[in-house]
Amino acid sequence: MSTDHDAAGLKASILVEALPYIRRFAGKIVVVKYGGNALAGTSEHDALSLFAEDIVLMRLVGMRPVVVHGGGPQISDLMKRLGKETEFVDGLRVTDAETVDIARMVLKGQVNPQIVAAINVHGHYAVGVSGVDGGLIRATARDERLGFVGDVTEINPEVIHGLLDDEFVPVIATIGSDINGQAYNINADTVAGAIAESLGAEKLVYLTDIEGLRRDVADAASLIRQTTADELDQLVADGIIAGGMIPKVASCIHAVRNGVGNAHILDGRIAHVLLLEIFTDSGIGTMIKGLHGTTGLQGDDA
Ligand SMILES: Nc1ncnc2c1ncn2[C@@H]1O[C@H](COP(=O)(O)OP(=O)(O)O)[C@@H](O)[C@H]1O
Ligand SMILES: CC(=O)N[C@@H](CCC(=O)OP(=O)(O)O)C(=O)O
């Protein structure tokens, strides 16, 4: 009997703890980058279902989530099946004409509808778009040695505002185009940051395959719970941020210096990690504090 009461009390206290955050974040835009690795976790279907539940819950309590997704491992899989070699330079996939077609097929044809469908199990919430739709992402070639890898030159967020105003959850595949209609393959981390800035998002959240930033990649105990753009500049200069973490951290630094409230790096493999970050006092993962951001950390400006 008393255990039943304890369990019920715990459930109630979790809901009560969420209340101030539900109030605070009502109407706020949260850009969530869902990496291909998070999607390709041990149990793909379960990981995606849990993620979809979090997005739907955020939307139902009045937040305005925007999903930007990757699909790197999935592009590599198809390339392998087609007998094509994959080559990365500084974390970016060397993209010839055939590879940009493959990237477009995988991102807009496979990963995007998978995420949209998982969200829409719960109702008619999600709409998938690519950066080509509504001229959302204008891009230009980054470096001719990388082929059709794009740098974002401009974000035209009208199509996203339209979807948000109609209460949809935009799900964005990161293919952009130049003024001549040429498609480019763009790193999803970079796009998420640029979109968060253009929307003046309250939060930019990266879901990845590690619990957050570490001072020493090999030491789980060195997790950084809260940091600033200035401190991150130093960690980058010291070579502590490496590999696939570099574009995430660069985007977080840029975003919090350009109007985004806070940025977060979280472990997408943890069940309901988004809810744990947004709706609990303790938060989770690494938070990069912006100038205007509010935090979920106890004793802060809650
Ligand atoms: N300082 C650091 N703290 C945490 N992870 C780091 C750090 N430096 C490099 N990494 C690496 O970055 C990886 C996440 O980047 P990546 O594999 O590209 O993720 P995703 O596929 O989700 O975009 C981690 O698994 C980790 O190995
Ligand atoms: C230019 C470039 O490298 N583009 C990425 C786009 C997908 C992506 O970024 O996916 P993740 O977030 O899952 O890594 C690629 O081709 O893999």
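The backbone N, Cα and C atoms fix where each Cβ goes, glycine too.
Unlike curated records, TrEMBL annotations are generated automatically.
According to TrEMBL, the features are:
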BINDING   Gly71, Gly72, Arg93, Asn185  substrate binding site
DOMAIN    28-267  domain 'Aspartate/glutamate/uridylate kinase'
SITE      Lys33  site 'Transition state stabilizer'
SITE      Lys248  site 'Transition state stabilizer'
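Locations of recorded TrEMBL features on the structure.
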residue	record	DSSP class
Lys33	site 'Transition state stabilizer'	strand
Gly71	substrate binding site	coil
Arg93	substrate binding site	strand
Asn185	substrate binding site	strand
Lys248	site 'Transition state stabilizer'	helix
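Rounded to a whole value, the Cα-Cα separation of Lys248 (site 'Transition state stabilizer') and Arg93 (substrate binding site) is 16 Å. Highlighted in sequence order, Gly36, Gly70, Ile75, Ser76, Thr95, Ala103, Val106, Leu107, Asn187, Ala188 have their Cβ within 8 Å of the centre of the Cβ atoms of Gly71, Gly72, Arg93, Asn185, the residues recorded for substrate, and are not part of that set.
Straight-line distance linking the Cα atoms of Gly71 (substrate binding site) and Lys33 (site 'Transition state stabilizer'), rounded to a whole number, equals 11 Å. With a cut-off of 8 Å between CB atoms and residues at least 6 apart in sequence, the same chain places Gly72, Ile75, Thr86, Glu87, Thr99, Ala103, Val149, Asn185 near Arg93 (substrate binding site), listed in sequence order. Taking every pair among Gly71, Gly72, Arg93, Asn185, the residues recorded as binding substrate, the greatest CA to CA distance is 12 Å. In the structure shown, the C-beta of Lys33 has more C-beta neighbours within 10 angstroms than that of any other entry among the recorded sites Lys33, Lys248.
Among the recorded positions listed (Lys33, Arg93, Lys248), Arg93 have a CB atom closer than 6 Å to some atom of ligand 2, in sequence order.
Asn185 (substrate binding site) counts 27 other C-beta atoms within 10 Å of its own C-beta, drawing on all protein chains shown. A count of other CB atoms within 10 A of each Cβ picks out Gly71 as the most crowded of the binding-site residues Gly71, Gly72.
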